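Participant: Have a look at this one.
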Amino acid sequence: MDIGSFVEPARPAPRRSRQATVRWGSRVVTIGGDAPVRVQSMTNTDTVDAIGTAIQVKELAQAGSELVRITVNTPGAAAAVPYLREQLDRMGVDVPLVGDFHYNGHRLLADYPACAEALSKYRINPGNVGKGDKHDRQFGQMVEIAARLNKVVRIGVNWGSLDQELLAAMMDENAQLAEPQPPQQIMYRAIIASALQSARRAEALGLAPEQIILSCKMSGVQDLISVYRALARSCDYPLHLGLTEAGMGTKGTVASTTALAILLQEGIGDTIRVSLTPQPGEARTQEVVVAREILQSLGLRTFNPSVTACPGCGRTTSTTFQELAKQIDDYLRAQMPIWTARYPGVEGLKVAVMGCIVNGPGESKHADIGISLPGTGEAPAAPVFIDGEKALTLRGETIASDFQVLVERYIEQRFGAAREPLTVGA
Ligand code: SF4
């Protein structure tokens, strides 16, 4: 067997988009170019309820959403936006707001100038800006306001609301060909054409290329991958990625992760949103948690210390390691808002919690700090490895709490201001 002399390490391909800049006050969020892939989310509150929406925006921002989109669908919602922005500013939440417009965005932006000002970015769906001659006029009105106020625009095509006139024209043209293409191809090309034609028109109306972001959302994984590959080849605008109507629970999480991971690995995508339908009682912030996990798993961003835990098997019949892994994971996440400022670099920490001697010592040695718990029939001792070396062995009923103390001490010594040399005490 020839395995060659070098195994190419996998890493996300470099991105090549131009850069857009979204601002609110002193908060600047760069998108595309050399900026990290950004996490976006969307509220599901009625925007008319400015207080309720402000609370949810704050939760999403605290969970790590770098841009939050809100629905602006009625005069009441448009009137509430400046008040919502004011509430956020009072709470010290400077996350930029993105206004989501359909059908009447041209009127709302013109009639509610304070709303147009309070939003940092507008999402315009070219399939929902009016039909016939109204389409270009109403699209133009929104773009002109964005250009005048120096706002970024996302031209967001969605296959569920694709410009039907454009699709019909492309279908007719295709039917005239000696060898027509399959309808799926025309659908793909119509979605991309809608985005690109709208972007060109926006530029012609005065929007700078750096103020334009594109998206072409689909609900099928392979459809999304097909369209974004072609879109990325066709332009250098930053691209917002998301699988629309991904669904709920495991299905939604897996479908979004599959689609986004493949595209991000190919260097496609500058902002992402995971469109999860919350399960009853589930926090809206779950979509932010999943989006961050996708980026961290691919090595594109580092947000939280990682806890490697084995899945468990017949070699360990106790739940000790599951409980310890969860306890450590919960503890690290809960501390991050404080630790981010106190311990620079702590987000890169790797902790391992393993169930038995088979993979425990090996995996623990790869982590910064790891523990190998005793499996069934093994001596009741848990070796702890620090920076690849066995440092000590924990025993007794307090293994879990003792290990947490060791993790805290490790973080303090390695990432604290004093940066003491690492010492270990049982
Ligand atoms: S480390 Fe041990 S308990 Fe965990 S999955 Fe591997 S063999 Fe099973």
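Positions of Cβ are set from backbone N, Cα and C atoms, glycine also.
Found this in TrEMBL, in case it helps:
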DOMAIN    29-291  domain 'IspG TIM-barrel'
DOMAIN    307-408  domain 'IspG C-terminal'
BINDING   CYS310, CYS313, CYS356, GLU363  [4Fe-4S] cluster binding site
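How buried are the listed features, and what sits near them?
Facilitator: Looking only at the domain 'IspG TIM-barrel' (29-291), the predicted model's pLDDT averages out at 96.
Listed in sequence order, PHE321, VAL353, MET354, GLY355, CYS356, ASN359, GLY360, GLU363 are the same-chain residues six or more apart from CYS310 ([4Fe-4S] cluster binding site) with CB atoms under 8 A from its CB.
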Participant: Could you break down the residues of the domain 'IspG C-terminal' (307-408) into DSSP helix, strand and coil, giving a count for each?
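Facilitator: Secondary-structure composition of the domain 'IspG C-terminal' (307-408): 43 helix, 25 strand, 34 coil.
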Participant: Name the residue among the binding-site residues CYS313, CYS356 whose Cβ has the smallest number of other Cβ atoms within 10 Å.
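Facilitator: Ranked by other Cβ atoms within 10 Å, the binding-site residues CYS313, CYS356 bottom out at CYS313.
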Participant: Are any of the binding-site residues CYS310, CYS313, CYS356, GLU363 near ligand 1, with a Cβ under 6 Å from it, and if so which?
Facilitator: CYS310, CYS313, CYS356
Participant: Would you list the other residues of this chain near [4Fe-4S] cluster - those whose C-beta lies within 8 angstroms of the C-beta centroid of CYS310, CYS313, CYS356, GLU363 - in sequence order?
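Facilitator: Other same-chain residues near the [4Fe-4S] cluster site: PRO311, GLY312, ARG315, THR316, PHE321, MET354, GLY355, VAL358, ASN359, GLY360, GLY375.
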